[in-house]
Amino acid sequence: MNWSKLIRRVLEIEANLVEIRRAKTAFWKYNTITYVIMFLALLEHAMSIISKITSVMSDLNESRLTYNVLDKYFLSWAPFIFDVTSYSLWKSILFKIANTQATFAWNITDVMTMCVSMYLTSYFQDLNEIINNQYKSMSWEKLRILYSQLVALVKEIDSRFCYLILLSFFTNLFFICLQLFNTLNSIHSTVYLLYYLYFFVFLITRATVTCLLAANVNKAAQEPMFVVGYVPASEYTLEVQRFNRQIRYTTTALSGVYFYVTRSTLLYVVGTIITYELVLLQFNLETADDADLNYNGTLYKYMKMTV
């Protein structure tokens, strides 16, 4: 991603939107979101390590942290790594550092999506306020041109961020489905149960907020259509008609390369998750039934042989 080119282009468009800017740039909101989510991500990662080490200590009947516990922890944490390379503690520490960086990179992707969505939505809210309250003091042609500038701003940013949004949605959906799959396994440790509940709630909340904030861009971009629809016939000029058609037939939204992020997108994601969970439950029930049949058949043969 060419950040310098994107910033120059955004500044050019912002220069044409100075007259509609009402809300001050709330940097504190972006900073707060970043600090809160990254802190919660750090807490989740720490709880993951603690729960796993606690489980290893319980298996080894160890009451304190030892090198043996660390070796067992790293071997159970990433066995696929040490299938292709010999085990050593320094390698394990390096892989753990890389894993921690990947965790923060995953979360910062959602943070960037949230902040960009809030930034774009704020511009549409400013324009919508002018259209709702002062549209008679500004020509419809001028309003349409300003709206076109906002559409261009969304398209410019989306062309750079669409792949990050795709990655964000894919990873969130993957880990939600993975955690739902883990619910089929029995949880023996109280520490792990607390970690699992915290991680699942944090994941669902972060993914939902990310999707809703991104969808707000499309929602805010569609709001002028309601005002335009109530323009009296005597004032319904060609410019109003052009503005109405532009809003109606132009999809102004952030995208994930293959899809636009709208409110309906969240419903599709929820539907996918519910379908996945139902399939898992059905598969689990069928597996349990097969296991019971095999057990009963074996028991029947054994009893018949002993009679």
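Yeah, the Cβs are placed from backbone N, Cα and C, and that goes for glycine too.
In TrEMBL, the annotation transmembrane segment applies to 73-90, one of the ranges 73-90, 109-126. Against the transmembrane segment (73-90), the recorded stretches 32-53, 161-181, 193-215 differ in Cβ pairs under 8 Å, and the greatest number is found for 32-53.
The list of residues near the transmembrane segment (32-53) in space but at least 6 beyond its ends in sequence, with Cβ under 8 angstroms from a Cβ of it, reads 65, 69, 73, 76-77, 100, 103-104, 107-108, 110-111, 114-115, 189, 191-192, 194-195, 198-199, 202, 206.
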